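Data first, discussion second: the structure below is written as structure tokens.
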Amino acid sequence: MERSPPQSPGPGKAGDAPNRRSGHVRGARVLSPPGRRARLSSPGPSRSSEAREELRSRLLGLIERSRVVIFSKSYCPHSTRVKELFSSLGVECNVLELDQVDDGARVQEVLSEITNQKTVPNIFVNKVHVGGCDQTFQAYQSGLLQKLLQEDSAYDYDLIIIGGGSGGLSCAKEAAILGKKVMVLDFVVPSPQGTSWGLGGTCVNVGCIPKKLMHQAALLGQALCDSRKFGWEYNQQVRHNWETMTKAIQNHISSLNWGYRLSLREKAVAYVNSYGEFVEHHKIKATNKKGQETYYTAAQFVIATGERPRYLGIQGDKEYCITSDDLFSLPYCPGKTLVVGASYVALECAGFLAGFGLDVTVMVRSILLRGFDQEMAEKVGSYMEQHGVKFLRKFIPVMVQQLEKGSPGKLKVLAKSTEGTETIEGVYNTVLLAIGRDSCTRKIGLEKIGVKINEKSGKIPVNDVEQTNVPYVYAVGDILEDKPELTPVAIQSGKLLARRLFGASLEKIYHTLFWPLEWTVAGRENNTCYAKIICNKFDRDRVIGFHILGPNAGEVTQGFAAAMKCGLTKQLLDDTIGIHPTCGEVFTTLEITKSSGLDITQKGCG
Amino acid sequence: MAAMAVALRGLGGRFRWRTQAVVGGVRGAARAGQRDYDLLVVGGGSGGLACAKEAAQLGRKVAVVDYVEPSPQGTRWGLGGTCVNVGCIPKKLMHQAALLGGLIQDAPNYGWEVAQPVPHDWRKMAEAVQNHVKSLNWGHRVQLQDRKVKYFNIKASFVDEHTVCGVAKGGKEILLSADHIIIATGGRPRYPTHIEGALEYGITSDDIFWLKESPGKTWHPTDVALECAGFLTGIGLDTTIMMRSIPLRGFDQQMSSMVIEHMASHGTRFLRGCAPSRVRRLPVGQLQVTWEDRTTGKEDTGTFDTVLWAIGRVPDTRSLNLEKAGVDTSPDTQKILVDSREATSVPHIYAVGDVVEGRPELTPTAIMAGRLLVQRLFGGSSDLMDYDNVPTTVFTPLEYGCVGLSEEEAVARHGQEHVEVYHAHYKPLEFTVAGRDASQCYVKMVCLREPPQLVLGLHFLGPNAGEVTQGFALGIKCGASYAQVMRTVGIHPTCSEEVVKLRISKRSGLDPTVTGC
């Protein structure tokens with residue numbers, strides 16, 4: 001935004017656009033107020049020149065994205081002739097009637113800066129400025145217009161996507177279905193421990209999928225204990241075999257990797273196993289494993305490079321510690337494990353490792369599950385503690401030393417208190433770092449084309465249509481700056497907003513403990529599972545928060561999330577009939593508010 | 001049943017107040033204002049107990065009478081009605097036992113070293129399930145006591161429109177009068193008494209959960225007991241189902257046939273279009289069943305250890321002497337006729353639960369209808385029970401959860417042209433590593449075709465179907481549209497996220513198999 005005063009880039013080179021993000025442009029909406037993400041804090045240009053720059057970049061965005069744009073006035077006979085010409089050619093146009101938008105005069109001004117043409121109609125075809133009515137008809141007669149219309153672009157691809165994870169792949173497939181020429185660049189830089197993987201990104205290879213499968217393996221351990229109470233008979237001590245499990249999970253992942261490649265091929269998406277980085281506008285360098293470089297150009301780009309685990313930056317961390325990038329394909333059982341961090345990744349990994357019968361300690365700097373409801377987070381922690389996971393609170397590691405090599409070896413960890421001078425020492429087979437993740441946005445040449453990133457977090461700010469400040473470059477997935485589209489984030493931010501707006505006392509919180517029926521016979525603990533909803537008293541008790549701690553929480557939460565989207569209220573919850581006997585039904589019979597202080601332990605069945 | 005007798009004797013000491021209540025209750029038929037209770041509830045099942053507790057909380061003087069007539073096989077149980085004793089609760093627990101059997105088979109794939117096959121001990125499971133049920137019986141009695149609701153273990157019948165009478169264990173007759181009476185006696189399994197040997201040798205769902213020994217090779221002539229057959233197969237028993245016509249009448253038929261397909265592929269045998277004609281006991285103790293194949297007209301026989309009848313339920317109204325009070329019942333079903341306020345033909349007598357004509361036979365509906373009724377009677381409320389979009393789940397081995405209209409019903413109400421059905425075949429992540437077959441894991445959403453495509457029904461076939469369906473029931477209650485559901489972010493990786501990813505309509509004819517992530 002601190003760019004020099006507006007220049008007049010050539011009409012076909014929107015890549016030179018001034019450094020502002022353009023908003024959603026369709027018809028008269030081009031002049032709606034700046035998007036809600038516009039930042040007001042930046043120093044530099046005055047408000048009016050900033051507004052002008054904003055408008056300019058919106059117009060360029062509109063030109064960039066449209067096959068044909070006509071800036072017109074509704075009463076202008078020349079404009080009408082041009083519109084008729086395109087409609088007789090069967091070409092869809094983006095028409096902006098400058099006399100029907102509030103700020104038409106300013107649009108016309110900016111247009112004249114861009115094109116040196118003051119009059120309407122002002123026509124762009126495939127990003128090329130054709131001119132006014134006469135020039136358009138001339139171009140039609142000479143055949144240039146038809147050629148411009150045909151020639152989608154001189155670029156190798158319509159779209160290049162950097163990063164073959166969940167976001168990138170779905171984007172690639174969708175664009176291909178819409179008939180675009182698409183390329184996906186995906187390259188996994190091996191972890192410091194040397195782990196790498198196939199196509200599909202974090203979720204498939206080192207995230208959701210292997211994590212849930214290991215979680216399932218741990219649940220099966222619990223199910224095996226339960227099953228004896230349900231009459232299944234076997235006496236031997238049941239042991240868990242890490243290698244068998246890992247092999248089965250990795251086989252499944254390989255089949256998914258393969259499936260992704262297949263589906264890209266089916267949809268004629270070009271897949272290149274190379275590292276992509278921008279070298280100039282619309283141009284990218286792809287470097288493969290052998291170091292061979294190839295250059296590709298495209299009209300538009302999507303950045304979907306995701307994130308990778310963060311390291312501590314202490315002695316021995318990259319040499320001896322592993323992260324979630326390594327854990328799921330670890331060829332040997334990790335043994336006695338120290339998990340550093342209190343993110344959901346840390347707690348999930350600690351949970352299933354303990355479920356396999358391993359000795360697990362979690363080292364926590366401050367709070368558990370930052371960003372989640374803290375009452376729920378503490379309950380998760382104490383459940384884990386009851387099930388054998390040890391917690392070291394308010395400590396951070398300062399050094400990791402290897403005592404013995406091996407699979408696994410032996411590591412000595414030195415940690416110091418965050419509150420005093422106390423230090424502790426422990427010996428573990430494996431140290432798993434799960435202290436957060438960093439965006440992979442700093443080494444892909446974004447600075448070469450002027451895509452802005454948040455210097456601190458490395459995240460990319462985008463507008464409502466996932467567009468970066470460079471109009472032809474978009475971004476999706478984990479690298480987006482504060483996109484509230486993830487369910488837990490949305491719930492939390494809604495709650496915080498409500499708190500800020502109304503103060504906490506205007507919320508009503510209903511809660512209960514419950515005992516899943518499946519746990520009764522199995523003799524598992526009562527009054528551990530917990531359900532809570534948060535309602536806004538001043539909005540018809542609308543449900544603004546939903547929390548459940550118990551089995552199948554994901555399956556339960558999904559439908560309620562859909563209901564919250566539809567404006568769920570406490571009354572509607574009460575009016576809904578439970579499905580009996582399930583855990584989800586507790587939400588239809590919540591009666592006790594937190595403020596009442598009444599006992600919520602369960603004694604019988606409703 | 002010895003176990004039951006012990007449990008009841010154990011309670012005797014703590015419930016000495018009962019004797020006094022009995023004495024206090026023996027009065028003549030009373031006039032208004034002098035009646036014994038504000039509310040008398042006949043039947044101590046889910047609906048009845050909900051009514052009683054709600055009224056007591058509103059400060060009313062309440063009594064509950066409950067009596068379990070032993071089944072023809074002699075099975076009886078404690079307070080709490082069908083759901084707790086011979087319905088939802090033991091059923092889901094035995095279903096869980098069967099699911100655990102499946103998980104034990106999965107476990108080696110996940111690295112757990114368990115030698116297969118693992119045998120199942122019915123006795124141990126039954127005892128654990130029964131112990132839990134007994135703790136619930138006890139809990140219900142404690143709750144009634146806490147709320148000062150009088151409880152009478154007597155078989156009641158009407159004397160007049162404000163009075164019922166019953167005989168206590170000692171033979172003493174008790175008369176109870178009340179201003180308002182709620183009938184919540186529920187129903188019991190139907191026996192095909194016209195079939196030779198049915199009553200003598202067959203059992204029903206009243207007995208199965210209380211069997212001390214494994215039922216062995218079982219045979220179900222049934223339209224509805226897919227759940228029982230499912231868990232029996234799941235714990236390793238040889239199970240055959242005989243169906244006269246269609247499975248799960250009233251449910252979406254595509255989903256129902258997939259439930260059957262799944263069961264058949266997991267070892268339950270089906271005999272379709274057959275009708276049993278007699279049951280005989282063989283000298284070796286097993287039962288020989290003879291049936292007629294309706295299509296070929298041929299007779300066939302088979303030998304089984306247990307015959308379980310699950311051919312429907314009859315309301316428990318016959319012994320109530322309803323005509324003395326003037327309460328009307330349906331001549332076809334013997335169920336009690338009520339209006340939208342749950343009132344019978346006698347204005348101060350009401351009925352809730354399975355005993356009522358035209359209501360879904362589900363625990364939560366009975367509870368909610370009961371509570372709303374009591375709030376109208378004593379709490380100044382005017383809210384009526386909404387019987388639309390009642391969600392439910394069938395706990396067959398592959399669970400089937402549904403809410404709202406079936407595809408057939410939607411088409412019947414709105415016309416084929418106005419209905420859009422979105423569907424998907426998906427594979428639960430847990431099935432992959434375990435190498436399980438997911439051919440029947442399927443979800444479909446029935447919507448109106450006109451934007452914004454209001455959701456009319458949701459049908460889900462897969463693990464944890466009940467947990468998945470509950471939240472979406474709320475969504476439908478909130479008037480969810482297809483567009484809104486599609487704008488909900490999925491929770492990854494779960495089965496329920498398949499619902500918010502439904503993109504393929506049946507009309508498009510595209511392959512609804514979910515591939516990839």
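For all residues, glycine too, the Cβ spot is worked out from N, Cα and C.
Taken from TrEMBL as is:
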- B:37-370: domain 'FAD/NAD(P)-binding' (DOMAIN)
- B:Lys92, B:Asp354: FAD binding site (BINDING)
- B:Gly312: NAD(+) binding site (BINDING)
- B:His492: active site, proton acceptor (ACT_SITE)
What residue among the recorded positions B:Lys92, B:His492 has the most other CB atoms lying within 10 A of its CB? B:Lys92
Give me the CA-CA distance between B:Asp354 (FAD binding site) and B:His492 (active site, proton acceptor), in Å, as a whole number. 39
Quick note, recorded positions B:Lys92, B:Gly312, B:Asp354, B:His492 vs chain A, Cβ pairs under 8 Å, ordered by sequence, gives B:Lys92, B:His492
Rounded Cα separation (Å) that holds between B:Lys92 (FAD binding site) and the residue listed as 'active site, proton acceptor': 27
Among B:Gly312, B:Asp354, all listed as binding-site residues, which has the most CB atoms within 10 Å of its CB? B:Asp354
How many Å lie between the Cα of the residue listed as 'active site, proton acceptor' and the Cα of the residue listed as 'NAD(+) binding site'? 40
